[in-house]
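Pulled from Swiss-Prot:
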- 39-70: zinc finger (ZN_FING)
- 43, 46, 62, 65: Zn(2+) binding site (BINDING)
- 156-239: repeat '1' (REPEAT)
- 250-331: repeat '2' (REPEAT)
């Protein structure tokens with residue numbers, strides 16, 4: 001009995017160690033696959049971590065004792081080499097990467113709406129009728145039930161709002177993930193799809209430090225500011241999203257760009273806001289108003305002055321707000337501004 005138990009332990013031990021070099025079954029149909037990123041392997045015989053991959057023999061071998069950990073492997077990587085992103089895109093023969101901004105994550109296909117063949121020639125009437133039927137069934141296959149139909153509508157609405165606001169790709173992906181999380185937890189029931197989509201986009205903007213105000217999102221969406229704010233607080237609580245208060249510094253690059261101010265003004269405004277933050281002048285105040293006042297002060301100091309009306313229009317605040325924040329910053333930071 002003792003001999004059998006020892007033999008079992010010795011046979012199990014190599015399997016547990018070798019398993020690290022094998023692809024997961026859900027990732028590949030064949031287990032004998034060479035992975036580009038592997039966990040650190042340990043030789044089951046000598047305990048060495050010096051493991052090499054022999055591509056000519058298709059084996060994973062211990063460099064110290066020569067033990068073959070795995071053999072008859074298949075390399076799933078490309079046969080070509082690329083030295084920059086442009087070459088990689090040009091030589092790649094696969095489709096677009098998976099994205100959360102499409103209801104089916106971009107894994108389905110779409111039939112082109114133009115009635116032309118691969119050579120650009122018009123197709124016959126019979127083929128045109130056949131293509132019409134194929135397109136109709138393809139649309140039905142892509143959106144099979146009510147939940148997918150609602151998700152497709154919500155993600156298209158989210159993409160529309162993001163396009164109006166000029167938001168980057170990472171913000172859209174983040175917002176789509178948040179919306180999908182809300183759907184999985186059943187947070188959509190009793191609320192409008194547009195409201196949850198706008199709230200998810202607002203949360204994604206704050207998370208990715210590309211801030212947009214509730215007023216800006218409400219202006220391009222079909223939902224008012226109050227509903228977006230209420231829905232945002234609800235999904236933040238239910239999805240356990242903890243976001244720090246918006247930093248006024250995050251607004252400076254966008255405001256400075258819209259006002260066509262040079263980089264020196266932007267740097268000066270950021271410096272003013274950092275000093276104001278150290279003295280607690282930015283807390284319990286609207287970040288857009290503080291950022292607008294800092295930009296106004298910096299533009300005057302750098303000799304590229306913009307009027308309070310111009311800054312207020314870009315920041316979406318009133319001139320009174322800028323004057324109040326301007327007085328606080330100049331008094332507490334001892335900034336001498338000559339108007």
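Backbone N, Cα and C define each Cβ position, glycine as well.
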Largest tally of Cβ atoms lying within 10 Å of a Cβ, found at which of the binding-site residues 46, 62: 62
Among 43, 65, the one of these binding-site residues whose Cβ has the fewest neighbouring Cβ atoms within 10 Å: 65
Residues of the repeat '2' (250-331) by DSSP state, where helix covers H, G and I: 61 helix, 0 strand, 21 coil
Mean per-residue pLDDT computed across the zinc finger (39-70): 84
Extra residues within 8 Å (Cβ to Cβ centroid of 43, 46, 62, 65), Zn(2+): 44, 45, 47, 48, 50, 63, 64, 66, 67
Per DSSP, three-state class assigned to residue 65 (Zn(2+) binding site): coil
